[in-house]
Amino acid sequence: MLRQAFYGLILSMIFYLLFYGYTKLGLNYNFKRHYPGECRQVTGLDYGSENMEVTQDGLAFITSGMNFPPLSEKYHSFIREKNIRGTIFLYDFKNPKLGASALRFQPSKTFDPATFQPHGISLLEDKAKGEHLLYVVNHVKHGKDRVEKFKFIPRVNELQHLRFFNDSKFLILNDVALIDEDKFYASNCLFFESHFLSLFEHLLLLPLGGLLLVEGNHVTEVVKSLHGPNGVILSKDKR
């Protein structure tokens, strides 16, 4: 009797975790209507496109080549075999036939494009010059997570690296949301770097994530004990 009850409990837990994963991934959603028209695939993008920011003029900056420790070894091997490098693509909604093109980097002493593995992105528009500021989560290859600051130079379609932000409070970052120049929120989505341990972190719903406020070189954890916080979105309402 006790054995049957134990098996029933285990099956119930497995069912709950599978159902939770199914709904969290949004596999139960099906959208049949599209506005303002039918969806179409953007050509020219590489593997691992994860996030994007769009200016009011319709320029989209898209991170690509995402790769960070908690992902499976199969995915890491795929990235290595294909020699996929992290980059940022530019796509113009006003000229969709051009597809997406990879932006060139102007490296600095503190930024090596070969170690760039981007994730979340946020931008601050310069409507007069079009030289927008981009802040990008970087899962540095063989290094600690940090946030890179770039300036977009439209004349040459290049990203000039300006500086980076790092702190001991940065764990496994996911997304950034700009408030002002050098002031932004960043989400700590995971605690463990190991794929095995991060999987348990998700399945057991461990509240090990949080939300950080970065103000220049000062970092404050403003929200603690979150389970896998993902994207960050700021309200435009200033009331």
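Placement of Cβ uses the backbone N, Cα and C atoms for every residue, glycine included.
Heads up, TrEMBL stuff is auto-annotated, nobody curated it.
What TrEMBL says about this one:
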TRANSMEM  6-23  transmembrane segment
BINDING   Glu50, Ile121, Asn174, Asp175, Asn230  Ca(2+) binding site
ACT_SITE  His119  active site, proton acceptor
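Distribution of TrEMBL features across the structure.
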residue	record	Cβ within 10 Å
Glu50	Ca(2+) binding site	16
His119	active site, proton acceptor	25
Ile121	Ca(2+) binding site	24
Asn174	Ca(2+) binding site	24
Asp175	Ca(2+) binding site	22
Asn230	Ca(2+) binding site	12
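Taking the mean position of the Cβ atoms of Glu50, Ile121, Asn174, Asp175, Asn230 as the Ca(2+) site, the remaining residues of that chain whose Cβ falls within 8 Å of it are Asn51, His119, Gly120, Val137, Val176, Ser187, Cys189, Gly231, Val232. Rounded to a whole number, the C-alpha distance linking Asp175 (Ca(2+) binding site) with the residue listed as 'active site, proton acceptor' is 7 angstrom. His119 (active site, proton acceptor) and Asn230 (Ca(2+) binding site) are 11 Å apart (CA-CA, integer value).
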